[in-house]
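K.L.:
Here it is, the structure in full.
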């Protein structure tokens, strides 16, 4: 689970939110949520209470933010002229609530590594219904979606001219995790880049092929061609690397050949689990 901490409201309260490049909405569990888990993988869930923040206000249905077309998000008008939303995720989890605007407090870091505490108004979701969870335990206090639609926190910060529309997610260490989530440009000259596919709603890249033991697998390049519903996307909110059958079948065949000296864990077709007492490279 990739997560970070954010400070919201006045007085500021800390929330642990999952970092998700595969969605756009930034939301936290609201105090009136009846179906939200009270515990997460990180401990007791922190709930946001708009009435406890002197700088919070809910968005009205007539405001332009309520009428944007958002990826996987449906908006509606609730009682009291509140702009409501339902966000659908690929793992069949639905998050529903209403939009709130409040202060987000963060560290503004300059080139000389000095930091100043700053704040800006951010619109985010206050979730009052969370359905589809496989267990009674949630993953965090909410999700910070880093997609590039108008609703994402990245787009909001860029449109208010707080930062350029750039973010970096740098991971550190093995086992203990950690790292840095940075909004804005990072000035490094030795970084290696690959271009993103600009026509996709998610962050995607053009895959050239798959190589095992120095040999390029015999996969038709058309399999990797990006289109509206195909291509390779980056999703920090998902666990597995997934391939369609046309790419997975030759990949699995070659992995099995390379690891034929090991004992399979199970006899399931397509299962690539093996027993080994040492580290395996191929």
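Cβ coordinates are placed from backbone N, Cα and C, and glycine is handled just like the others.
Okay, so TrEMBL annotates it like this:
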type	residues	note
ACT_SITE	20	active site
ACT_SITE	235	active site
DOMAIN	2-282	domain 'Peptidase A1'
K.L.:
Provide, as an integer number of angstrom, the distance between the C-alpha atoms of residue 235 (active site) and residue 20 (active site).
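P.N.:
With the alpha carbons as reference points, the distance is 7 Å.
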K.L.:
Considering the active-site residues 20, 235, which residue's Cβ sits among the greatest number of other Cβ atoms within 10 Å?
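P.N.:
In terms of Cβ crowding, the pick is 20.
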K.L.:
Would you mind giving the whole-number mean pLDDT across the domain 'Peptidase A1' (2-282)?
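P.N.:
The predicted confidence over the domain 'Peptidase A1' (2-282), as a mean pLDDT, is 83.
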